[in-house]
Amino acid sequence: MSSGGLLLLLGLLTLWEVLTPVSSKDRPEFCELPADPGPCNALSQAYYNAVQHKCLKFRYGGCKANPNTFKTIEECKRTCAGK
């Protein structure tokens, strides 16, 4: 590959890195888990919806949830949705 081709490739890779959203790189893996209401009492909680790329409310049972369960939408956004 010529030096011009290498420079073009380097430029394209740099542009791709700049345009990739930071939030998707720093998001914990558990943010990809589905909402898990658990078997106990129903409480209003939040989870990160990986398909819609946003935090949503759901009815949480109060026990045995996965880590993608937050007390507030704001806490979910800080952890999974980025800024």
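Each Cβ is built from the backbone N, Cα and C atoms, and glycine gets one as well.
All protein chains considered, the CB of CYS31 (disulfide bond) has 20 other CB atoms within 10 Å. Annotated disulfide bond per Swiss-Prot: CYS31-CYS80 (among others), in sequence order.
Cβ neighbours within 10 Å of CYS40 (disulfide bond), excluding its own Cβ and spanning all shown chains: 12. Look at Swiss-Prot and you will find CYS40-CYS63 (among others) tagged as disulfide bond, backed by sequence analysis.
Around the Cβ of CYS55 (disulfide bond), 22 further Cβ atoms fall within 10 Å across all displayed protein chains. Taken from Swiss-Prot, the feature disulfide bond applies to CYS55-CYS76 (among others), supported by sequence analysis.
Residues or ranges marked as domain 'BPTI/Kunitz inhibitor' by Swiss-Prot on the basis of sequence analysis: 31-80. Within the model, the domain 'BPTI/Kunitz inhibitor' (31-80) carries an average pLDDT of 90.
The feature signal peptide is assigned by Swiss-Prot to 1-24, with sequence analysis given as support.
The number of other Cβ atoms within 10 Å of the Cβ belonging to CYS80 (disulfide bond), over all protein chains shown, comes to 25. Within the same chain, residues at least six positions away from CYS63 (disulfide bond) with a Cβ under 8 Å of its Cβ are GLY38, PRO39, CYS40.
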